[in-house]
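Visitor: Sharing a structure, written as C-alpha cells. Questions coming.
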Amino acid sequence: ELGSPNTTDSVSSDPAPRLWSATSRQRLRSLDTFRGLSLIIMVFVNYGGGKYWFFKHESWNGLTVADLVFPWFVFIMGTSISLSLSSMLRWGSSKRKVLGKILWRSFLLILLGVIVVNPNYCLGPLSWENLRIPGVLQRLGLTYLVVAALELLFTRAGADSGTLEMSCPALQDILPYWPQWIFILMLEVIWLCLTFLLPVPGCPRGYLGPGGIGDFGNYPNCTGGAAGYIDHLILGENHIYQHPSSSVLYQTTMPYDPEGILGTINTILMAFLGLQVPLLFLAVDQHKQILSRFLIWSIVMGIISAILTKCSKEEGFIPINKNLWSTSYVTTMSCFAFILLLLIYYLVDVKRLWSGAPFFYPGMNSILVYIGHEVFEDYFPFKWRMRDSQSHAEHLTQNLIATTLWVIISYVLYRKRIFWKI
C-alpha cells in the first residue's frame, strides 16, 4: 500500500544519482517503521502502560506519552493515501474505480470500528440502545474518506511525475496543491467558528474546559463545550463514550467522546499534513534537501503551536488538548512527527544504519495488529490474573509481554508474506 513516488521518468544529466533512480519500486522502510513505532506504543498504552501516569491520557489540557501516538498514526495514514493513490493511477486505474475503493475501504473501517468498540460477544447481537458510534477506526475511516477523495479530485499527472517547474522553488511542494489547501483551511475555519461561536445551552461561548469541578465548578455540565454539545445533539448521550479521561480528576458526570464529530475536522488536518511527506519527495531529489524540508515543516508547525498556546499548558488561545483535538494539538503533534520521521528516514533509508526492526513488521500489518490487540485484550496470554493488582512491576511485565507478542506475531506474518489490507 505504501509505494514510492517515482521522480525518475526522465533521464538526468547530473552525474550524482537521483534519489529514486534505483529504488522507484521499493517501499520506504522509514514510513512503515514510523507507523509501526506509533502502533506499538499505542498497543502498549492501551494495554495499560504499566499503570504509570505518563502512559495514561491527560485528563484535559496537556500531553503525556499516550497522547502522542494516535495523531502519528493519522499522520502516516495521510502519507500512505498520497502514495497509494498515485500508484493506482499510475497503473491505469480510473478515478471512478479508485473512488469506489476509497468508499469501500472507509465503510469497512467504520464498520470494524463499531464492532471493536462494542464488544458484546457474550450477550448476543449488538444493541442499538447503548451502541457507541464514534471510535478510533471510525475516525480513521472518515478521515481517510475526506482526505483521499480530496486528493483524488485534484490530483494531476504533472504533480505525480515530480517534474513541475515553478518560479518559487521554496514553495513547490505547496503551491501546486492550492485547491486542497483552500479546502482544508475552510474546514479549519468551520472548526474555529463552531468551537468559539456556537451557542451552547448553560455554557459560556467558546468554552474549552472539562466541566465538572474544573473552573471552580461553575460549568459542571459543559464538558468539551461545543464539541460535547454537538455529539450529544447529533449522536445522543447513550451513543458516545461514557467514561472520559476527565471524569477522574475533574469528577465530570457527562459522557464525552474524544473521537467525536467536531474533532474529526482537525484529524483531517493532521492527515493532510502527513500527506505533504510524499510531496516533499516529489518536489526535490536529494536527501539533504528532503531532510531540510522536514526540518522547516517541523519549525513552522512548532512556531504556530507556540503562538496558539503562548508556550503554556492552560493560558494559551487554544490549549493543547487531545480530547478536543484542538488546532494546537495537531500542529504540535505534526511538529513532533516531522522531526521523528526525519530521524527515522535518515537512519533507515539514507544511512541504512537501522533496518527499522522490530517496528517495521507491525507497520506492515497495522490494521491486523490494531484490531487483534483490541479483540484479544482480555484473553491469555495477553492478560492474566495478577497477584498484586497495585504493583507497577507486575502490570509493566504483563503489558510488555502482551505488546511483544504482537510484534512477534507481525514478524511471523511478515516472514510468511501474509498482509491484511482493507
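Numbers here mean position along the shown chain, with the first residue as 1.
Placed from the backbone N, Cα and C atoms, the Cβ positions cover glycine too.
Note that the coordinates shown come from a computational prediction; the quantities given were computed from them, not determined experimentally.
Per TrEMBL, the features are:
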| type | residues | note |
| --- | --- | --- |
| DOMAIN | 27-149 | domain 'Heparan-alpha-glucosaminide N-acetyltransferase catalytic' |
| TRANSMEM | 33-49 | transmembrane segment |
| TRANSMEM | 69-90 | transmembrane segment |
| TRANSMEM | 102-121 | transmembrane segment |
| TRANSMEM | 141-159 | transmembrane segment |
| TRANSMEM | 180-200 | transmembrane segment |
| TRANSMEM | 261-283 | transmembrane segment |
| TRANSMEM | 290-308 | transmembrane segment |
| TRANSMEM | 328-347 | transmembrane segment |
| TRANSMEM | 359-376 | transmembrane segment |
| TRANSMEM | 396-414 | transmembrane segment |
Visitor: Can you work out which residues elsewhere in the same chain, 6+ from the ends of the transmembrane segment (102-121), have a Cβ less than 8 Å from its Cβ atoms?
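Guide: Hits for the transmembrane segment (102-121): 127, 131-133, 135-142, 144-145, 148-149, 152, 371, 374-375, 422.
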Visitor: State, in range form, which of 69-90, 180-200, 328-347, 359-376, 396-414 has the highest count of Cβ pairs under 8 Å to the transmembrane segment (33-49).
Guide: 359-376
Visitor: Are there residues at least six beyond either end of the transmembrane segment (261-283) with Cβ under 8 Å to its Cβ atoms? List them, or say none.
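Guide: Sequence-distant neighbours of the transmembrane segment (261-283): 4-5, 7, 19-20, 31, 71, 74-79, 81-83, 86, 134, 139, 142-144, 146-147, 150-151, 159-160, 162, 164, 172-174, 177, 180, 184, 187-188, 190-191, 194-195, 226-227, 230-231, 234-235, 290, 293-294, 297, 301, 323-327, 329-330, 333-334, 337, 341.
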Visitor: For the transmembrane segment (290-308), could you work out the same-chain residues 6 or more beyond its ends whose Cβ comes under 8 Å from its Cβ atoms?
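Guide: Same-chain contacts beyond the flanks: 19, 173, 273, 276, 280-281, 283-284, 316-318, 320, 327-328, 331-332, 334-336, 338-339, 341-342, 345-346, 350.
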Visitor: How about long-range neighbours of the transmembrane segment (396-414): same chain, 6 or more residues beyond its ends, C-beta under 8 Å?
Guide: 36, 40, 43-44, 47-52, 358, 361-362, 364-365, 368-369, 372-373, 381-384, 386
